[in-house]
Amino acid sequence: MATRSPGVVISDDEPGYDLDLFCIPNHYAEDLERVFIPHGLIMDRTERLARDVMKEMGGHHIVALCVLKGGYKFFADLLDYIKALNRNSDRSIPMTVDFIRLKSYCNDQSTGDTKVIGGDDLSTLTGKNVLIVEDIIDTGKTMQTLLSLVRQYNPKMVKVASLLVKRTPRSVGYKPDFVGFEIPDKFVVGYALDYNEYFRDLNHVCVISETGKAKYKA
């Protein structure tokens with residue numbers, strides 16, 4: 001059994017980086033506090049996660065299940081690295097993709113009420129190695145709900161890769177199998193993570209400002 005890594009642990013007192021050090025779209029200039037995880041660091045960590053995934057799951061057909069919308073950037077980049085490993089290996093395996101859409105946030109709070117509002121026929125997961133790819137684990141309730149749903153289709157194996165895991169007292173204790181970064185209890189946006197659908201077009205993971213929260217509040 002593989003030991004779960006906490007990922008790159010970012011401390012509670014990590015200040016992040018000044019916005020002026022990076023290219024930030026002008027329309028978000030007043031809406032962010034700091035750059036928290038630069039895009040290059042995200043990509044380097046994702047490349048290593050791809051290797052870990054293939055080491056643990058690469059013996060059988062993998063179905064990569066993307067949790068939309070926030071997971072799509074991480075999903076695309078992770079799969080690019082996995083595909084590169086697959087085509088350069090002496091032993092390659094088939095890989096297919098599926099998508100599911102969940103809703104559990106309003107403004108900056110997880111509602112605790114997870115709704116499946118889109119997705120393909122999950123019966124295709126039966127007997128497969130399933131890799132669920134998520135942007136962030138906050139309380140963990142959303143992922144527990146999704147795992148219960150997926151397991152109804154009797155996959156051979158289910159593993160979860162999450163770019164971010166938040167340290168929060170609201171956590172139910174769930175930890176994914178593959179973690180990019182463990183972060184403090186801050187509301188972050190960018191790299192497809194949104195605040196009421198805004199900020200998905202940022203390359204970096206950033207901390208939203210109070211001005212930004214007020215501006216884009218639902």
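Any Cβ shown, glycine's included, is placed from N, Cα and C.
These numbers come from a predicted model, not from an experiment.
As written in Swiss-Prot, here are the features:
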type: MOD_RES; residues: Ala2; note: N-acetylalanine
type: BINDING; residues: Lys69, 134-142, Lys166, 186-188, Asp194; note: GMP binding site
type: MOD_RES; residues: Lys103; note: N6-acetyllysine
type: CROSSLNK; residues: Lys115; note: SUMO1 cross-link
type: CROSSLNK; residues: Lys115; note: SUMO2 cross-link
type: ACT_SITE; residues: Asp138; note: active site, proton acceptor
type: MOD_RES; residues: Thr142; note: phosphothreonine
type: BINDING; residues: Asp194; note: Mg(2+) binding site
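Residue with the densest Cβ environment among the recorded positions Thr139, Thr142: Thr142, by other Cβ atoms within 10 Å. Thr139 (GMP binding site) falls outside any helix or strand according to DSSP and counts as coil. Of the recorded positions Asp135, Asp138, Asp194, Asp135 has the largest number of other Cβ atoms within 10 Å of its own Cβ.
Cβ neighbour count for Phe187 (GMP binding site) (all protein chains, 10 Å cutoff from its Cβ): 17. Residue density at Lys166 (GMP binding site): 21 other Cβ atoms are found within 10 A of its Cβ, drawing on all protein chains shown. Distance noted between the C-alpha atoms of Lys166 (GMP binding site) and Asp138 (active site, proton acceptor) is 5 Å. Phe187 (GMP binding site) sits 17 Å from the residue listed as 'phosphothreonine', taking the C-alpha atoms as the reference points.
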